[in-house]
Amino acid sequence: MGIGLTEEHLALAESVRGLAVRTAERGVEHAALAGQGLLGLHLPEGCGGQGYGLLELCVALEALGERRVCGPCLPTVLASAVLVRSAGIGLEPLLGALADGSMTAAVALPASGPETGPAPGLVDEPAGAPEATSGALLALGSAGADLFVVPVGGGAWAVLDRADVSAAPAEGVDLDRELCSVTVRNVPGDRVLADVPVREIAAVLLGADACGVAAWAVATAAGHARMRVQFGRPIGQFQGVKHRVAAALVALEQARAAVWDAARALDEAAMRSHASTAPGPGPDADADTRLGGGTGVGATTGPDGAAGLGAEGRLAVAVAAVLGPDAAVRCAADAIQVLGGIGYTFEHDAHRYYRRALSNRMLAGDPGLWAEEVAVLAVAGARRPMEPELPAEATAVRDAIRAEAASLRDEEPVARLSRFAEEGWIMPYLPKPWGRAASPLEQVIIHQEFRGLNRPNLGIAAWAVPSIVRYGTREQQDRFLPKTFAREIVWCQLFSEPGAGSDLAGLSTKATRVEGGWSLTGQKIWTTLAQYAHWGICLARTSPEKSKHAGISYFLVDMSSPGVTVRPLKEINGDEVFNEVFLDDVFVPDDLVVGKVDEGWRVARDTLSHERVALGDSWGPGSQHTDMVRLIAKLPPLRQSQREQAGRLWAEGQAISALGLRVTLSQLSKPSGAGSGADSGTAASVRKLLGMRHAQAISEFCWSLAPSDRHWNRMILATRAFTIGGGTTEVQLNIIAERALGLPRDP
């Protein structure tokens, strides 16, 4: 999955990628990009463009970044993206020339260059014109460009002709990218731009290019790990290599989500600016004080505060700037490591991608300063809602569901719960009569309209119920599901054993055939809430002569049966949630086997897929996010390093939310009936991996700020379980590496 999600975006990316591949020998010429309409992809048709937005431009830039396309493309589209947002100063001819390739541009990015200040003695300076900046500015683009977008003091920017500047080539770490040193000589008053978010647009477009760089690095590392053999095995089978490549993919997907959301935010801001010129509400002015000072880059109340974006848009952009360029540097460095000596040779392209990643990060601006920007905005109350855009047919669906929600809202709690169960609202994606056979679109609207109605959380049952629906008999469904939905039955999961945790193929609990059913003997461990459970879903070996996953069956066990002994285990925080369960000749009748005998692994895999989904959702960036900013608001001003850390944590959590939204949108784009209600597989593992680490990191950070706070004393201990339960970090990395990247399974 790239930055783009829709069929149109996927087709665009494939087309751009194909162009880059076809012209790989000679390089992609600027004229070819113009001929394909890519230079004006984001510009209005009246200016010679294609009428799309920055999101589509980012899709194209990611594809070009995969091939490390050089030349004036990126600075030129960056310049036109800036100019098109500066209405009313007659720039249409320039936009047309940039779109058709007859002009190129360079853009100064002073956030990563020297300090600037006013310079006296300008030529051709009308009254009231802004001052030029003194000293040389580092710019992305060629010294021979036709146009230069530069800051001209007081937070203003201008687009200048070559005659208005002195430009000379500048050396950079990227051997294939042109940089130049620009000194402003003259600022014509009619070339001063309206207040535009130059730095923010640059960060997002550079982030898109960075995602392409990271994508190449991950694919190259994975391909090498699949083919390179050492010690008689592909190196991708060694967990050290496998996990490195999988972690790089996780960083890439997080960066893609952040850049995608930031591009959407910029497009949304552009649409708002066409509808109204009124500025949006600014962030809380006290936030800067609570955090201990300004951020030093794009301060929320400063002159370079990205007019028109609003706090929400600035937050989305800053998150992308924190995560995108850094991810590319990490992925490119990891690719060199996986490639080994080959990756360190000048002949291999790996160093060129690493150089490009470093260049992107430098030009986008210090990620630490962007992280401080995130912290300022978040503490001030800025939030980026993650709600999907729905198709036109959603209106009629919403009207019907809203009416049902209103009816339920009028019910007494007991009656409402009964209707939830009877009408299939608890797990609406299940087939009728247990659910509503809801499409992905209906599920999204139900989620939105039922907020505040307190639909019951089934806990462990949410993993078991879909398996009983799919594999259970009608008698089993009628017996267990209504009472489960009514919360009359509490479930536990009897899978893990002392000798078989994540590796369920090694379980040793035996099920021996007896008259009328089976006798189960064995020990289970880490069983959540077993001391309160009425029933358990249990795996036991019915054919011990069969190997690994064969010969396992899936049972429903009455926890009050003779022979069931539950012993709570005290956890590091003092709670007793986990248990060990002993099964001593526990009788289970034949009619409580789910699915076929010896085929329980198939049922268990279905259950485990729902476990990954449920835990990934609940361990995502939830209330701990807001708990963190509430804590910061109560404390004395933070140090610079603490502000940066807080901002990074918020950025990571917001990207996890964006990942969830992208999964939802992917489900919505599927044909009717093609998807399930569960976000399973690789995407769920990526989200879970990020979410569980993120919860731990927030707890550790907040505890360091308030070590005597009872809540954070508890959370720093409780969150240690998050990277263990429901599949350890290492298991999730294996899943990602093997399923998403095709690395060989462990022997």
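We number each residue from 1, going along the chain as drawn.
Backbone N, Cα and C define each Cβ position, glycine as well.
Residues annotated as compositional bias 'Gly residues' in TrEMBL: 291-305.
The domain 'Acyl-CoA dehydrogenase/oxidase N-terminal' annotation in TrEMBL covers 30-72 (among others). Sequence-distant contacts of the domain 'Acyl-CoA dehydrogenase/oxidase N-terminal' (30-72) (same chain, at least 6 residues past either end, Cβ-Cβ under 8 Å): 2-4, 9, 12-17, 19-21, 23-24, 80-81, 84, 92, 95-96, 98-101, 104-106, 141-142, 145, 176-178, 201, 204-205, 207-213, 215-216, 256, 259-260, 263-264, 266-267, 270, 349, 352-353, 356.
Taken from TrEMBL, the feature domain 'Acyl-CoA dehydrogenase/oxidase C-terminal' covers 204-272 (among others). Mean pLDDT for the domain 'Acyl-CoA dehydrogenase/oxidase C-terminal' (204-272) in this predicted model: 96.
Annotated domain 'Acyl-CoA dehydrogenase/oxidase C-terminal' per TrEMBL: 314-366 (among others), in sequence order.
Annotation source TrEMBL lists domain 'Acyl-CoA dehydrogenase/oxidase N-terminal' at 398-486 (among others).
With DSSP states grouped into helix (H, G, I), strand (E, B) and coil, the domain 'Acyl-CoA oxidase/dehydrogenase middle' (492-586) comes out at 6 helix, 45 strand, 44 coil. What TrEMBL records for 492-586 is domain 'Acyl-CoA oxidase/dehydrogenase middle'.
The domain 'Acyl-CoA dehydrogenase/oxidase C-terminal' annotation in TrEMBL covers 598-740 (among others).
Feature annotation from TrEMBL assigns region 'Disordered' to 272-305.
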Provide the three-state DSSP residue tally for the domain 'Acyl-CoA dehydrogenase/oxidase N-terminal' (398-486): helix first, then strand, then coil.
55 helix, 0 strand, 34 coil
DSSP-derived helix, strand and coil totals, residue by residue, for the domain 'Acyl-CoA dehydrogenase/oxidase C-terminal' (314-366):
46 helix, 0 strand, 7 coil
